[in-house]
């Protein structure tokens, strides 16, 4: 008989022969979330991956047998390790080529659907040469290399309706362990990683017209290079506050460790075209507290920097530069929080107390002690929370902890969950909550003595005491009913437009291929209905010889057949369901019904799913025109009206129904106020493959049902508001009928008291949800950050990506309520106020002829300009396009939000000239027409669409090699990527497949040519150009920002 497992003990490690893809126990998180890199064919010449940390993290042994858990492989050798202090040693090596891993986007339409895994956004693929391109998640092998592992992740099941997290059970009396602070740093006395040591030298000084004496710590970007700079050690000044990490918050240029002129001469790292500065590599020293970049206009004829025809050299302004190595990020070092790497970089996290930045990021990595200090900075204090985000394949899996019937240990006052920052005192008999400060008695079964360092002796053996993210098994007290079945109900538009465009056939084919990816077992239930001007349910019971159609003609007073007839177990009805899906396009092919009872169909599905809840998948092609929710075309009005549909959607949320709408349309359908997959204009030739891949990922990705989320903060800070796609029954909790690994929520914060300088402020996100197998889980992520009274520290530790995405989401919230012009003004004023605050209170230079940018926020003007010109803030776009943009932004993650506003552009006409061992994706080009030649071909992608622009003078040989055409007149309007028998075509296919894997989306391809409306669409994404409707160029925008700062400084 197996020995009993003590309360709170983590699951035991699997034997060496254990097959992690075998679903031995549906309760295992490892089976659902961690097998990200299994069964993936390795790249040629790939090498094994020993642990770069010198030792493995604690293995959390169990005293008895328990379900196995798989672990992805350790990080590859040679990756750069982040330190919390000034680095030393040799330059960091780049990552080996075999790190790339990702979720394939699947086969073209009609082929078998091998499904691979999906990496977390924010990872880059690595080329054969060790370099990688800027983008999202790392890509796996091309589809031609064979099928990959099945999707990882908990595909949860709609679960029991839960009570508020605040009112859940008090502290358990069973024994699991807690920690007195995060794990202590490894006492080896030797740094495990070497990092780049800058040569001695000063940050260059600035010289401009009528400038005061130069000030150390600042570097002009153009027009102000010092000529009499004196050498000075790079770390001669002691940093203020917490020692900075080796990674700047958003540093792109060298931090001033070498004079700028010497850096340009040395050419140690080839700069990106159009950039006058070498890129900052992760592992290089961080910026000093007042590190900044100064942009000086070229002197006009009058001698004043801003007088006359002042200009800024376009080649010397800040632009994004891709990193060249993978970062190994410890979330805490030396008992201090380690600032996270940029969200779009490729990094591997080791959880050493704080949660991974994939799960939670803060706009500022040092919390201001007072509201006045935050107001002075003009920045926003907020969190971006992605609770079920996918980890990197090389990261340690999230540990599942089972406390037994008593549930996890919690604070008896604020109900905060046990975490590494709860301090144990009185020889472990009591613990102090890091949120409310209350001192609790340690449950007798949970007691453990303290070591000489004041930490519990078992802290490193208990995941909840040394890891920032853990998952607790919830008890029956966390639910008010038994977990329900996983219900998938499908609504398909069979109106005349849907049949004629091929949308119905594409939907049925996609659903048919995805059926095999649904969870197996008796808990999986399915139902299907079609609609045109009436609603057609289908009885799929096995006892029937064939599916039986049940028609509901009344679309104003909708009713539904018996639930037991229309929602049945998948294993009983699979044959009938497959037969029905093959027959539906033929059944309605001669139909002449143009009307759509979309609203009535939604109401009927609501009635059918009312007692269970689940996932509702809707395929819509035309505007709802009859019955409940009928609408008329109102696009000409140029605005969106509030409809009663929002109330109906709220009813669906209340019964735990998650709705995903796939809009396959060629016309206006009024998608305001709903969350959708958008295919416009739908093409039966090119879009079925994307529809299939989107649907497959929707039902197979890691997800949970019937979730409740709450964020807790330390005393002095409180949650102001939650933003995202959810509903709220009570102010403190967020109800999520469905939550998945792609969904991100913004949590704005505010002060309710003064914080103590030097103390730490903690944030904890707790999500109670149900897996697809009916298991209740509590995902808990904790982040602890230092507090500061120093304004310079706020700017130095600002996270540009998080700060900008929070403001992007805020703009999306304001667009339906405010005129686009006013929203653009708000966006611009935000940028101006932040830079004004830095110039006024932190920058020591007194010359008004230079625009001073904080090192961490030097790309803020470019991001702001890109947002102003984005789809959501344009006045010349379609309402549907704007509505889709708003809904997408409301829940998009940080790594995917950045390319949405600042896309990536690369040249593909000269791919043959690139080295064979270089990166798969070439170095991105600035989004300016100056970098687009008439004889070139360029690819531009924003995570949603992929545009290929063909210039007017392209060589016919290149056209034939890439597209199989001999002239521009033959460019097709609908395009499907083909691979021809030549190296150039193969490289283009490799690039497109790599981008699809990085962005975790089967991007649609569209050919654009010069002089055509499609060519104008491509040029509209070049955000650095001046646009005819009055939008400023990047250089003009910098001048505008500078002048506004000057005006406010003068006033």
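From the backbone N, Cα and C atoms, a Cβ is placed for every residue, glycine too.
The following features are taken from TrEMBL:
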{"type": "COMPBIAS", "residues": "1-13", "note": "compositional bias 'Pro residues'"}
{"type": "REGION", "residues": "1-187", "note": "region 'Disordered'"}
{"type": "COMPBIAS", "residues": "16-45", "note": "compositional bias 'Polar residues'"}
{"type": "COMPBIAS", "residues": "58-78", "note": "compositional bias 'Pro residues'"}
{"type": "COMPBIAS", "residues": "105-123", "note": "compositional bias 'Pro residues'"}
{"type": "COMPBIAS", "residues": "138-150", "note": "compositional bias 'Pro residues'"}
{"type": "COMPBIAS", "residues": "162-174", "note": "compositional bias 'Low complexity'"}
{"type": "DOMAIN", "residues": "408-446", "note": "domain 'Zinc finger Sec23/Sec24-type'"}
{"type": "DOMAIN", "residues": "704-788", "note": "domain 'Sec23/Sec24 beta-sandwich'"}
{"type": "DOMAIN", "residues": "799-897", "note": "domain 'Sec23/Sec24 helical'"}
{"type": "DOMAIN", "residues": "922-989", "note": "domain 'Gelsolin-like'"}
Query: Where DSSP helix means H, G or I and strand means E or B, what are the helix, strand and coil counts for the domain 'Sec23/Sec24 beta-sandwich' (704-788)?
result: 0 helix, 56 strand, 29 coil
Query: Mind checking how the domain 'Sec23/Sec24 helical' (799-897) divides into helix, strand and coil residues in DSSP?
result: 69 helix, 4 strand, 26 coil
Message: Limited to the domain 'Sec23/Sec24 beta-sandwich' (704-788), I'd like the whole-number average of pLDDT.
response: 92
- prompt: Using DSSP, how many residues in the domain 'Zinc finger Sec23/Sec24-type' (408-446) fall into helix, strand and coil?
  reply: 3 helix, 11 strand, 25 coil
